[in-house]
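Chemist: As annotated by TrEMBL, transmembrane segment applies to B:12-39, B:51-73, B:85-104, B:110-131, B:176-209, B:215-237, B:244-261, B:273-290.
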Amino acid sequence: MKRLLVLLALLAAGLCPAGARAEALIAAMSSHQIQITSNYTGSQLTVFGLVERDGRTVARGDPYDIIITVRGPRRMLLVREKERLGPIWINRTQRRFPDNPVFLLVASNRPISEMMSLETAQRDRIGLANAERPSGSWVDLDPSSRRFRESLVRIMQAKDLYGYAERGVTFLSNALFSAPVEIPATAPTGSYTVDIVLYSGGVPLARQQTNFEVIKTGIEQRLASGAYDWALLYGLATVLLALFLGWGASVIFRRD
Amino acid sequence: MQIYLPIAELPISVLTVLGLSGAVGFISGLFGVGGGFLLTPLLIFLDIPPAVAVATVAAQVAGSSMTGVLTYLRRKALDLKLGGVLVTGGIVGTVLGVLFFNAMRRLGQLELVITLSYVTLFSIIGGLMLYDALRAMLRVRAGKPARLKRRGGMHPWWMGLPFRQRFYRSGLYCSVLPIALLAIVIGFIGAVLGVGGGFILVPGLIYFFRIPPAVVVGTSLFQILVTMTGATVLHAVTNQSVDIVLAVLLLLGGVIGAQFGGRAARNLNVESFRLLLALLILSVGLRFAIELFIPPNEPFSVVVPESAR
């Protein structure tokens, strides 16, 4: 609660008497760094935001809608499909998704389908299925490409690395909102971007971007960097430790 | 209790890992096989990246076979001379296997090669062993000796090839060539499948060379110890996928399990030993066959290529 108050004070201090006619978005993260220690089992962050408006901002007939998209580090992903070849099932076709985020979370204050049309969502890359859609509509002409992309999203959702929280954003007042961001332990290390977009009546009004990072610290970080920087030494140390434990067991359990 | 693995990059339940490695260690101590062919698929099932699973299991197998080697050495059930021949052949086979492995990876069919080899190898070896063990049991029932006694002057032809050597511990007088060939084949298979190869070596030595099971187990463990020590360092240097935290956990469970397994082996007669090993190998083969023949629920899979990690 105290943290929230501090944030609110910060947000209030950020209000400036600009001559803006449209709304502006101010956003903050409860933390910009997640540290992985040996008892790490995932973490939770909170995105706070404020829809800033002044006397000259036009009155809106529709309520404010917020959509938050969290994207993790990008890697090349391979999606493979098993097909029947004679009596056996083997991976026959595969499709590469270069530069695809390994973590993707979309949160909104109400279902996206209630906020905007399907076309708008596709154009603005809103929602789990659209967030990584390449720009242009030609992609939809290739049904197999769509099948692979849909499978990618489905499988990543099953692994808890992709997710959509249709009521993950809560309005604390007319203008102040917050959203929890669950980072599972399997989410990769690296930098994450958080995109926040304000909609009203299906029209984007303002957007804001912030970020955070997931890093290993302490012994976890030292072991991981040791494995890369001192590969031979690390390998020898591991094997010696293994042999020592093996020898130790034979001494402890020796009966004769 | 959960602990985060620094290289595999995920948390894992300590008790689960200890339990699994303890059970596999027991089997390893009982049969003198490394246990890698059981542990690696189990770890992959727990979401550990395959490269990390293969590399870390190598370290675990090295450690747990160390315990076995010391135990068998004390009981004088280890033929170092035979072990030396096996290690030399194994190194040649491993190099050939790594070359084949990389060629298949370039062709993009490595996964299929691995699954198919698991199915064929395990089914054939397990099936043959099961057939033989059952036949031996039936002979015992019928009141005949369990197997034809080894008699002087009655050797298979391959034992009489040139370069004959006397292996005192094994009670063997045999050409080095077929033993080296067996070791090369095992090194090759081991490198391709990421397993130590004990499950082929043990029946191979028993069936082709009629070496007493007690000596076979110790000698096989020796060969595995040397190969897996090298494999661990090689994995650490070439792909940085050895997870030291996971290795320690696997070892703690494994060495303790192996102790109990080693003791149980002394109370097991040869016939049930062979029957159990046959069933174990056959069931692993079946498990991979199911994957190959049953239509999958989810035909799609997502992988992050290792090079991009």
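Positions of Cβ are set from backbone N, Cα and C atoms, glycine also.
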Chemist: Going through B:12-39, B:176-209, B:215-237, B:244-261 one by one, which has the most CB pairs that fall under 8 Å from the transmembrane segment (B:51-73)?
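Modeler: It is B:215-237, which has the most Cβ pairs under 8 Å.
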Chemist: Look over the recorded stretches B:12-39, B:110-131, B:215-237, B:244-261 and say which has the most C-beta pairs under 8 A to the transmembrane segment (B:85-104).
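Modeler: Top-ranked stretch among B:12-39, B:110-131, B:215-237, B:244-261: B:215-237.
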Chemist: Apart from its near flanks, which chain residues at least 6 from the ends of the transmembrane segment (B:244-261) lie with a Cβ under 8 angstroms of it?
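Modeler: Tertiary neighbours of the transmembrane segment (B:244-261) are 3-8, 12, 14, 17-31, 35, 39, 43, 48, 52, 56-57, 59-60, 63-64, 67-68.
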Chemist: Which of B:110-131, B:176-209, B:215-237, B:273-290 has the most Cβ pairs closer than 8 Å to the transmembrane segment (B:12-39)?
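Modeler: Most Cβ pairs under 8 Å with the transmembrane segment (B:12-39) come from B:176-209.
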Chemist: The transmembrane segment (B:176-209): which same-chain residues, six or more beyond its ends, come within Cβ distance under 8 Å?
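Modeler: Contacts with the transmembrane segment (B:176-209): 31-34, 36-37, 40, 54, 57-58, 61, 65, 82, 85-98, 100-101, 104, 113-114, 117-118, 121, 125, 128-129, 132, 156, 158-159, 161-165, 170, 216-217, 219-221, 223-224, 227-228, 274, 277, 281.
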Chemist: So if I exclude everything within five residues of the ends of the transmembrane segment (B:110-131), which remaining residues of that chain have a CB under 8 angstroms from its CBs? That is, six or more out.
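Modeler: Here the qualifying positions are 101, 104, 189, 192-193, 199-200, 203, 274-275, 277-286, 288-289, 291-292.
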